């Protein structure tokens with residue numbers, strides 16, 4: 001009902017802009033967001049059982065996080081770990097500020113430093129898209145190189161420029177193995193050869209510039225592999241359709257350079273595949289309407305609201321600093337320890353919501369669609385759902401260049417598992433191959449394997465008969481939530497290895513997972529309600545997609 005109301009109200013406006021695909025898509029997205037929230041509230045109110053599920057899960061999560069925030073360990077952390085906490089940058093705020101998460105501190109600094117550049121970049125890019133579309137790739141490349149040279153130094157700009165040049169040469173050769181080998185070398189060169197190509201950047205410009213340059217270099221390696229393989233595959237496909245001998249062609253230099261250096265996601269992400277970026281850049285841009293301007297402003301305001309919410313949380317939840325002091329983590333009581341784990345995951349989500357949301361908001365001004373920011377971890381009870389939607393751009397990259405080539409067209413179970421193993425091997429390489437990351441990737445693969453195994457069991461005859469005879473109505477959803485509860489715990493537990501370290505996660509394992517019956521059973525009960533909430537949202541999303549296809 002809510003979708004229909006929204007669609008009816010938007011229909012006259014959409015009719016005016018027929019042919020203007022960008023404006024129509026953006027209006028449709030805003031309508032869908034409004035409709036989704038209306039539908040969610042309506043469905044919850046209509047079903048008291050669903051309302052109970054939502055209330056219990058939200059109350060349990062808030063209670064645990066509040067217990068952690070008010071615990072003696074968290075309150076006294078500014079005195080115990082004063083070297084990790086700093087004074088607040090906000091006027092009149094006396095609480096200490098936890099900026100010990102290096103990824104967040106550097107990403108935050110980039111956003112504060114670069115937002116005027118990003119705004120100007122988007123405005124000029126949108127104007128050029130109307131006045132001189134052929135100049136847009138040249139502008140993207142030149143503007144980004146100017147920004148990197150001005151903010152990070154010419155050496156950092158030269159490193160990223162040379163990286164693109166090397167991969168452009170590999171793309172011209174047309175040998176996929178060389179492209180994959182080049183990307184593997186770029187990502188693992190320090191671990192394998194113990195050679196730091198960024199050492200000179202550190203000596204000249206300091207640790208901050210070195211870190212940002214390093215992050216941009218690794219993101220660029222993935223983008224370069226994307227344009228290499230997209231070009232090679234498209235070239236092979238076009239040549240296979242021709243009867244005569246194929247002519248030798250080369251990729252568009254300026255388009256690939258513009259994609260590699262596109263400023264909004266250059267340093268913080270999200271990652272986007274080359275063909276998706278090229279399609280978004282080259283599609284017709286409609287004239288700016290008042291509705292579109294309001295949508296862009298709302299996107300920017302929403303992203304900066306998330307930014308300040310993250311800053312607010314850093315004043316009250318010292319989870320990042322505490323994760324570096326396992327001896328203090330062990331002093332938390334069980335509820336506070338659970339709140340500590342929940343806070344780590346929530347702030348992990350908030351960090352990427354900002355770092356991916358801000359670039360996406362600026363790119364939208366230009367009419368370019370970047371991958372969506374992460375979906376909330378509080379409604380991702382499936383491991384596959386978490387990996388698919390938390391970093392959606394990285395998921396699409398892994399799927400296209402690793403998973404699908406490994407799995408092949410047969411889609412047999414053994415090859416699906418082999419593709420998943422390759423995907424998580426890349427995750428292990430990408431995140432520095434530490435012991436903690438090894439556990440994280442291995443447990444995540446286990447979660448995916450369990451889901452694949454369960455999907456295969458449900459295809460068997462006896463399983464289908466059981467579902468038909470005994471699991472009608474809401475009983476199937478109940479079974480899914482019961483099985484989803486320990487699976488959700490596995491997903492959360494695996495993420496703790498990445499968010500903290502082996503020692504801290506071991507404390508969580510001993511006190512929570514091995515704590516039978518308390519606190520393990522109450523935790524599983526709460527995660528049962530969380531799974532019900534997650535299933536509710538998944539049902540509403542599937543229903544919304546089905547209505548889109550039929551409309």
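Glycine residues also receive a Cβ, built from the backbone N, Cα and C atoms like all the rest.
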**Study point:** transmembrane segment according to TrEMBL, located in which of 394-412, 413-431
**Key:** 413-431
Practice item. Identify the transmembrane segment range according to TrEMBL, selecting from 363-385, 478-500. Key: 478-500
Study note, to complete from the structure: Students should find that the transmembrane segment stretch in TrEMBL, chosen from 76-98, 99-121, 168-190, is 168-190
Check your understanding: Looking at 265-283, 512-530, which one is transmembrane segment according to TrEMBL?
Key -> 512-530
Practice item. Report yes or no: does the transmembrane segment (334-354) come within contact of the transmembrane segment (478-500), defined as 3 or more CB pairs under 8 Å with a sequence separation of 6 or more? Key: yes
Check your understanding: Do the transmembrane segment (512-530) and the transmembrane segment (413-431) share at least 3 Cβ pairs under 8 Å, sequence separation 6 or more?
Key -> no
**Study point:** Same-chain residues near the transmembrane segment (478-500), Cβ under 8 Å, at least 6 residues beyond its ends
**Key:** 323, 341, 344-345, 348, 380-383, 386, 431, 436-437, 439-440, 443-444, 446-447, 450-451, 454, 471, 508-509, 513, 523-525, 527-532, 534-535
Review point. Should the transmembrane segment (210-233) and the transmembrane segment (168-190) be scored as in contact, given a threshold of at least 3 Cβ pairs under 8 Å and pairs 6 or more apart?
Key: yes
